[in-house]
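Database features, via Swiss-Prot:
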{"type": "BINDING", "residues": "ILE87, GLU88, SER89, HIS227, GLU228", "note": "substrate binding site"}
{"type": "BINDING", "residues": "SER89, LYS90, ARG256, GLY257", "note": "NADPH binding site"}
{"type": "ACT_SITE", "residues": "CYS188", "note": "active site, thioimide intermediate"}
{"type": "ACT_SITE", "residues": "ASP195", "note": "active site, proton donor"}
{"type": "REGION", "residues": "261-281", "note": "region 'Disordered'"}
Amino acid sequence: MSKYSDAKELAGLTLGQKTEYSNQYDASLLQPVPRSLNRNDLALNGELPFVGHDIWTMYELSWLNTNGLPQVAVGEVFIPATSQNLIESKSFKLYLNSYNQTQFENWDQVTERLTQDLSACAGESVIVNVNSVTDYTNQPIVTMEGDCIDNQDIQITSYDFEASLLEGAAGEQEVEETLHSHLLKSNCLITNQPDWGSVEIAYSGKQIDREALLRYLVSFREHNEFHEQCVERIFTDIMKYCAPSKLTVFARYTRRGGLDINPYRSTEQDRPSHNKRMARQ
């Protein structure tokens, strides 16, 4: 359990509560969660050691045009890691549902409204793209870059989070490599529901022992934090124990409630080169 799971900032969230579903536009449904909650726990109190974005994909986005004809789209939202807040996912879903029976003049108006409301909730300007289903149909399903570290013949008996599993994981050889795992699983901070993801780790520096890295990632299996918080924890732990000169951590989680969340943190560029979905998304 995370140290801040009982924080007062989480007490009023709709997550884990019985809620009414509104089909009329209502921006007040959005609920922020201060990023400072987990960053204080990670001693990230000053300048951040990374840049990045939380990339959300909205698969259940629909509204009415001025003739009352339903419109459907697939949307993308890029929320800067520097924003004051992350957006709580159930409130995001309820907010999107409030578009369902609301008329908008055109697609641009929908994009503008989403941008305005999500920026206000995050506390910083976000980027929103609204795509037609036809355009999105041509997007390929991709796999992660680099070597998969999952097929190791190792025995694991503990699933309690333990950052120190990375202690001594940095070897002597200098490398630049990309590794990935599909075994990332954590639990929702509030509801304890499982969150399933894949994570790509690109770095330059002392070569990281793959067994130690896999054991570390598997230790998230019973850990309770939001997606974004887990990725920042992975980033800071690798920096602490392995000290690479360059590091990028990019996780892609399976969708829930018509939304998937793909946090990206890096010492290099502030967003990935693409937002293409994986087989489990």
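Think of each number as a place in line: the chain as shown, counted from 1.
Glycine too: its Cβ is placed from the backbone N, Cα and C atoms.
The shown structure was predicted, so the numbers you read here are calculated from the model rather than taken from an experiment.
Structural mapping of features recorded in Swiss-Prot.
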residue: ILE87; record: substrate binding site; CB count, 10 Å: 24
residue: GLU88; record: substrate binding site; CB count, 10 Å: 21
residue: SER89; record: substrate binding site; CB count, 10 Å: 24
residue: LYS90; record: NADPH binding site; CB count, 10 Å: 21
residue: CYS188; record: active site, thioimide intermediate; CB count, 10 Å: 18
residue: ASP195; record: active site, proton donor; CB count, 10 Å: 23
residue: HIS227; record: substrate binding site; CB count, 10 Å: 24
residue: GLU228; record: substrate binding site; CB count, 10 Å: 24
residue: ARG256; record: NADPH binding site; CB count, 10 Å: 16
residue: GLY257; record: NADPH binding site; CB count, 10 Å: 14
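Within 10 Å of HIS227 (substrate binding site), as judged by C-alpha distances, the recorded positions found are CYS188, ASP195; the full candidate list was LYS90, CYS188, ASP195, ARG256, GLY257. For the recorded site, GLY257 (NADPH binding site), the DSSP three-state label reads coil.
According to DSSP, CYS188 (active site, thioimide intermediate) sits in a coil region rather than a helix or strand. A straight line from the CA of GLU228 (substrate binding site) to the CA of CYS188 (active site, thioimide intermediate) spans 11 Å. For ASP195 (active site, proton donor) paired with GLU88 (substrate binding site), the C-alpha to C-alpha distance reads 14 Å.
You'll find the Cα of the residue listed as 'active site, thioimide intermediate' roughly 11 Å from the Cα of LYS90 (NADPH binding site). Spanning the residues ILE87, GLU88, SER89, HIS227, GLU228 that the record associates with binding substrate, the maximal Cα-Cα distance equals 11 Å.
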